[in-house]
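J.: Feature annotation from TrEMBL assigns [4Fe-4S] cluster binding site to 107, 111, 114. Marked as domain 'Radical SAM core' by TrEMBL: 93-307. The N6-(pyridoxal phosphate)lysine annotation in TrEMBL covers 319.
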Ligand SMILES: *Cc1c(COP(=O)(O)O)cnc(C)c1O
Ligand code: SF4
């Protein structure tokens, strides 16, 4: 009798991470409450990268940490204010010409710093058939909507068949001119980027994919191959990263990340300041430190490799570049942030300063 090859499943609990040798049995006890509070998932690709020696830059993004149990008063269940702009389930419509369509609330991995960590996870499944119809009807009924952004959750956990259906429905709405997909799948679950999936994204609407990655070591050989399959199919790729303490908060780490992206034909697009999600203070940097890092990169690093550093204003007021055009010191260690409509909002750093 031949033994079947053992398929390594996604690790979905603190106990499973301990069993796989990714955290020590002693730490597992202390981390059990974190696993009860927030979703855990480490894919075989990421587990293999960690076993092969990927360092803290990868580990800290995916392995639970006891500090996640500390929630600061200013941290919010809905840090970027999706709810006030959600006219129907699954839609977030903040800007007239574009909106988010969230078909799924699950992801291939669960990032420890996730800005939507109270909204994503197993059990918070997907839009029902009726809700999906209502969301599509909302788009069809609003001629000002030019771009649809699939996000979640991670839209590329959907089957190729389902993606093909959704794509065809959006292709059929004449005023929609562009489709954007925000995903981590090509990096953390590259085996999902099959020829069938790439084909499902064909049709009338051009597709741009924004890949979320925060450290160069996430780009395993399989991830690089998945990225190449997408670009070779003519899909433009952009990088989205989050500035994270202990992951990429240095000039060498950011240089390495952005150069790796460019070498793989991914244009670094946004570097997000950490949102005020619950239990993530240990990941956040003060804005001034993020600005200093961006200044240090401007000049030494190719302009092609430089993303725009962005702050999503808490409460749902939109994203702005972290520059003097939008931020002014309030004289008391905090900031005034001007939103895209010209309104001013107070912002106070809660990240730990390390200098
Ligand atoms: C981030 C975001 C967008 C996209 O904004 P861009 O600056 O075009 O990337 C659109 N809608 C919502 C609700 C968002 O949060
Ligand atoms: S992939 Fe995105 S939505 Fe999913 S857990 Fe990570 S940051 Fe959150």
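Backbone N, Cα and C atoms are what each Cβ position is placed from, and that goes for glycine too.
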J.: Looking only at C-alpha atoms, tell me how far residue 319 (N6-(pyridoxal phosphate)lysine) is from residue 114 ([4Fe-4S] cluster binding site), rounded to the nearest Å.
T.: 17
J.: May I have the list of same-chain residues other than 107, 111, 114 whose Cβ is within 8 Å of the Cβ centroid of the recorded [4Fe-4S] cluster site, in sequence order?
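T.: So the additional residues around the site are 39, 109, 110, 112, 113, 116, 117, 120, 184.
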J.: Out of 107, 114, which has the highest number of nearby Cβ atoms, where nearby means within 10 Å of its Cβ, if these are the binding-site residues?
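T.: That would be 107, with the most Cβ atoms nearby.
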J.: Report the mean pLDDT of the predicted model across the domain 'Radical SAM core' (93-307), rounded to a whole number.
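T.: Here the mean pLDDT over the domain 'Radical SAM core' (93-307) amounts to 97.
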J.: For the residue listed as 'N6-(pyridoxal phosphate)lysine', which DSSP three-state class applies?
T.: strand
J.: Would you count the other CB atoms within 10 A of the CB of residue 319 (N6-(pyridoxal phosphate)lysine), including those on all shown protein chains?
T.: 19
J.: Give the sequence-ordered list of residues that share a chain with residue 111 ([4Fe-4S] cluster binding site), lie 6 or more positions from it, and have CB atoms under 8 Å from its CB.
T.: 61, 62, 184
J.: List, in residue order, those recorded positions out of 107, 111, 114, 319 with a Cβ under 6 Å from any atom belonging to ligand 1.
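T.: With ligand 1 as the reference and 6 Å as the Cβ limit, the list reads 319.
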